[in-house]
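S.K.: Below is the structure I would like to discuss, written out as structure tokens.
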Amino acid sequence: MSLLDALPAPRLGRGSYPNVVLVSLSAVMLAAIWGLDAVSMAPNRIVQGTGAGVMEALGWPGALLASLLVLALGALAFRPNPTNYSAALGVVVLILALMPFGLMVAGHFLIDPALPQARLGIGAGYWVVLFVLLLCLIELRLRLALTRLWPMLILAGVGLLWWLCAWLWLGDLALVQEYRARDQQLIRAVGQHVVLVSVAVSISVVLGTLLALLMRRYARLQKGAFAILNFLQTIPSLALFGLLLAPLAWLSANVPVLAKLGVSGIGNTPALIALVAYSLLPMVRNTYIALEEVSADTLEAASAMGMRASQRFWQVRLPLALPVLLEGVRITTVQAIGLTAVAALIGAGGLGTFIFQGLGQAAMDMVLLGALPILILALLVDAALGALAEALRPGGVQ
Amino acid sequence: MTHSATRRSAGGVHVTQDHLWMRPLFWGVLLCICVAGIPYADALFRWLEPDARQVIYQRAPFYALLSRHLLVVGVAAVVTIAVGVAAGIAVTRKRGRDFLPLVAQLASLGQTFPPVAVLALAVPVLGFGTLPIIMALMLYGLLPIVRNTLAGLQEVDADIKMSARAMGMTPAQILYQVELPLAAPVILAGIRTSVTINIATAALGATVGASNLGDPIIAGIINGNMAYVVQGALIIALLALTLDSLFDSMQTRWRQRLSSS
């Protein structure tokens, strides 16, 4: 988040000056509520659903409540001060908490209980409102100068509530039906995904750090290594997975020891190799830059204090480099989460299986079931590592 | 990319004008040779896949795949550049300043969304074909452009802007004649990153029915035919190298102009 350091401090407590950002976001939400389909319903999982607007889905009391809450958010933003911002945060959390109940109401109105296959889909309007609410949360966090922990706590609470609703009452929802049909499979896929990503990232952290340290010692290595790593990134991930199929298949056929170790053309081995190959560039680059950019004055001061070279490295250079280094881990991990989904094409398992099987069957709910956890995983890792880097920055959390 | 780094490399690289465009030309010619020559390189790819019935991808000619690939990346790049640079300019003006933190956060959020997931989420809304991949590329390519536009514009010396104002320039003149030209190398670097990433990422479009250079790769993975994969990957890598070196030359050229004027 080095970019944000350069930003001007957000204006807080200028009484007469409306917060244009929140006002515009509220306007977008109102437009989405009334202009886009809130939900869709389909008689079974393959047929494309038909959309329904907010009046059909929630009836007029529900539509009125939704609009009033959004209007309240916009109105609070006209008088920005800490109290109103806190109230706005409350309104955002309230809307987030009420959203699954809206789906329940819509299911009650729109889904015929006589059709057991009928299912309720989430419409474009619903997604837009959800996304804009997250933007509101970000904006309010910045204005109230809260740490990253707060939105995470709020979202964790809201997520728990949604999970509870989905578990108990949202049987009509297409996503829930799809989940119930293959919950074991999904949980296993999440597990595989997480394991693949963490193994790949751990390997590349170790290799990347070693490589960066070697580069610092042997300057000649630097140019060649960066050229190779840069070139690796121009090969599409899809192709790298494909290119590893044949050599590994040959190896496992001809070297029995490797075959016994589980090396084969399809599955985890090519996936891991490709993931590590891709992860190395951001990892090495950030580690190298992080270690290089520690100010010479600080290091000189450390020497003047009588620190030995190893002490200087462990007690000065490394701690100062850690936030940038973690930024590299964050980029690497988020990228690996996305790439692992592609690895499903070569039989590595993970959440990509759901996406590609769903695309093959034209079952969009299944695609959604695979894509949403990937997105959530990526956002979670991003937030968690971002918060960690913030906490480790010299001087700690401001 | 700090200003001092910009200046250092501008001073350090002494590329004469004649040699400046040699590298993109080299990669471009190599790309053309591959596109034209692969259909005749049967013997070469036969060595890679001795047992396959066919070793040259034939469902569509490579130049058609290449042009569709370029079209997808190009459309996504034009939209992303327009939106990204406009957003970067808007939030650094006095009126849009309130949106600065949100836009910065939003852009960094955009790259957190894995392209596969965006692609998968876009298919239900936009249908199979080219549109979902353009959408995924746009979202993925926005961050580098917005980030560099913001960085480039904020790095412009306040004194320079002040003296431009003292000379009687209007805000629009300051933007077009002072700020943007000075920020151009940094913005160009952002566009370069965005386009290079997207050339490789666009291959994913083949999984949702957008026909491009990803097609031979997918066909190769499904049929277990390495030759197809190599052909797709080779052309994509050459395309990426051509455009990357082209941007590199443009950046160098722009810096030369800045330092000579």
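Heads up, the Cβ atoms here are built off N, Cα and C, so glycines get one too.
Whatever TrEMBL says is automated annotation, not expert-curated.
The shown structure was predicted, so the numbers you read here are calculated from the model rather than taken from an experiment.
Here's the feature list from TrEMBL:
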type     : residues  : note
DOMAIN   : A:190-385 : domain 'ABC transmembrane type-1'
TRANSMEM : A:20-39   : transmembrane segment
TRANSMEM : A:59-78   : transmembrane segment
TRANSMEM : A:85-111  : transmembrane segment
TRANSMEM : A:117-137 : transmembrane segment
TRANSMEM : A:149-170 : transmembrane segment
TRANSMEM : A:190-214 : transmembrane segment
TRANSMEM : A:226-251 : transmembrane segment
TRANSMEM : A:257-281 : transmembrane segment
TRANSMEM : A:336-356 : transmembrane segment
TRANSMEM : A:368-389 : transmembrane segment
S.K.: Among the recorded stretches A:20-39, A:85-111, A:117-137, A:336-356, A:368-389, which has the greatest number of Cβ pairs closer than 8 Å to the transmembrane segment (A:190-214)?
M.R.: A:336-356
S.K.: Looking at the transmembrane segment (A:20-39) and the transmembrane segment (A:336-356), are there 3+ C-beta pairs under 8 A, with each pair at least 6 apart in sequence?
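M.R.: As far as Cβ distances go (cut-off 8 Å, pairs 6 or more apart), the transmembrane segment (A:20-39) and the transmembrane segment (A:336-356) do not touch.
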S.K.: Quick test of the contact rule: Cβ under 8 Å, at least six residues beyond the ends. What residues does that give for the transmembrane segment (A:368-389)?
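M.R.: Contacts of the transmembrane segment (A:368-389) (Cβ under 8 Å, skipping residues fewer than 6 from its ends): 1, 147-149, 151-152, 175, 178-179, 182, 186, 189-190, 193-194, 197, 322-323, 326-327, 329-330, 333-334, 337-338, 341, 351-355, 358.
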S.K.: How about long-range neighbours of the transmembrane segment (A:85-111): same chain, 6 or more residues beyond its ends, C-beta under 8 Å?
M.R.: 12, 22, 38-39, 41, 52, 56-59, 62, 65-66, 69-70, 72-73, 76-77, 118-120, 122, 126, 129-130, 133, 136-137, 140, 143-144, 154, 158, 161-162, 165-166, 169-170, 172-173
S.K.: Please give the sequence-distant neighbours of the transmembrane segment (A:336-356): residues at least 6 beyond its ends with Cβ less than 8 Å from one of its Cβ atoms.
M.R.: 186, 188-190, 192-193, 196-197, 200-201, 237-238, 241-242, 244-245, 266-268, 270-271, 274-275, 278-279, 366-367, 369-371, 373-374, 377-378, 381
S.K.: Residue list, the transmembrane segment (A:59-78) vs rest of chain: Cβ under 8 Å, 6 or more residues beyond ends.
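M.R.: Same-chain contacts beyond the flanks: 18-19, 21-23, 26-27, 29-30, 33-34, 84-85, 87-88, 91-92, 94-95, 98, 102, 105, 109, 136.
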